[in-house]
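Engineer: Take this structure, written in structure tokens, and hold onto it; I'll ask about it next.
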Amino acid sequence: MKRIRDLWVRTNLIKKIGIGVVIGLLLGILLPDVTAIGILGQLFVGALKAIAPLLVFALVVQAISHQRSGQQTNMTLIIVLYLLGTFLAALVAVIANYLFPLTLTLNTSVNTELSPPQGIVQVFQTLLLKLVDNPINALATANYIGVLAWALIFGLALKSVPSDFKHLIKTAADVTSQIVVWIINVAPIGIMGLVFSTVSENGISILSDYALLILVLVGTMLFVALVVNPLLAFVLTHQNPYPLVFRCLKDSGLTAFFTRSSAANIPVNLQLCEDLGLSQATYLVSIPLGAMINMGGAAITINVLTLAAVNTFGIQIDFLTALLLSVVAAISACGASGVTGGSLLLIPVACSLFGISSDLAMQVVGVGFIVGVIQDSCETALNSSTDVLFTAIAEKAFWKQKKA
């Protein structure tokens, strides 16, 4: 027994989740009547639902309050690329939804009262009202729009406080993140329960939906990595971008695929920037910053799963509303940094725009965790490799302009 326990401790989370998916699948086929197994999935989703609003608030306050001013001029273009790249990734995900519309199988017996918006005007009205919600109520009711707004305000107000107090803020954010790590560490058990419930209630054919979901997610990320990002690079440098793109994917993306953490991949990216001969004064700032705000993969995940939920409930949205979703997803994705599965925890932010309740949104998050073995790895690979790519093309564009 001790050998089995030690082997389990040494096994990385990706393999554990894969094992959980397989066990849940087998139990759902062989023992569909043992419904108690499904409670494990409910507990896992419940724990995520409880900590997610506090996590978003703590991380955003910490990031804004510690943001430094006086960046050198070259950073301006890099930041613009980070934000533009994230928005374009979200927009590509919207287009992918129109080309390959997905639906999800959810338990709609739980709090299914939906209030779909009537076009862009009502969406803005709902957004503005949620912005001014009581901050305590926003945390308690999982009003993520309000949580983000108040976190931004508190972060800006705390920028001028003494460094000792900022350290306390960072400690609070670290503690909250650690709690999430503990919850994520039991993800294999929770996902086993989720897979069991899905298979036992809907049959084995339900897995074909997840296969299509994975294909759309990964396909969209590949399109951004191999078409959208190289196009941005070509527009700025007027050079063939693919040697640099493939170098970043090979040396940065491959490592990030397995670590599943942009923050953990920072040392790899710094070394790659040095190997590429980039300015140290620039990449020492841009790479850590990119790990926080360059979240194209996260924006794709948020939009694909949110729009799948929208399709599931038959909510009709116009293109302007979908465009607003891209903006919200891009902004929300910036809060996903440094947290395993962080993009999934921010799906309720986007779902709330369409009147989808928190309970149903967390079921969508549960679906995300089921496919997360592949989704999170590909997402991190895209995010982290793009940090180096945008840093490099910004510097190339800077020198090109200077020579001209």
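Every residue, even glycine, has its Cβ placed from backbone N, Cα and C.
Reproduced below are the annotations present in Swiss-Prot:
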- 17-37: transmembrane segment (TRANSMEM)
- 44-64: transmembrane segment (TRANSMEM)
- 75-95: transmembrane segment (TRANSMEM)
- 138-158: transmembrane segment (TRANSMEM)
- 179-199: transmembrane segment (TRANSMEM)
- 212-232: transmembrane segment (TRANSMEM)
- 287-307: transmembrane segment (TRANSMEM)
- 319-339: transmembrane segment (TRANSMEM)
- 354-374: transmembrane segment (TRANSMEM)
Engineer: Six or more residues out from either end of the transmembrane segment (17-37), which same-chain residues have a Cβ under 8 Å from its Cβ atoms?
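Structural biologist: Same-chain contacts beyond the ends: 11, 187-200, 204, 207, 369-370, 372-373.
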Engineer: What same-chain residues lie close to the transmembrane segment (212-232): Cβ under 8 Å, and 6 or more beyond its ends?
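Structural biologist: Non-local partners: 81, 84-85, 88-89, 92-93, 96, 100, 102, 104, 241-242, 245, 249, 253, 296-297, 300-301, 304-305, 308, 367, 371, 374-375, 378-379, 382, 385-386, 389-390, 393.
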Engineer: Between the stretches 44-64, 75-95, 138-158, 287-307, 354-374, which wins on the count of C-beta pairs under 8 angstroms to the transmembrane segment (179-199)?
Structural biologist: 44-64
Engineer: Mind checking which residues of the chain, 6+ beyond the ends of the transmembrane segment (138-158), have their Cβ under 8 Å from one of its Cβ atoms?
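Structural biologist: Contacts of the transmembrane segment (138-158) (Cβ under 8 Å, skipping residues fewer than 6 from its ends): 49, 52-54, 56-57, 60-65, 67, 127, 130-132, 165-166, 169, 331-332, 335, 346, 348-349, 352-353, 358.
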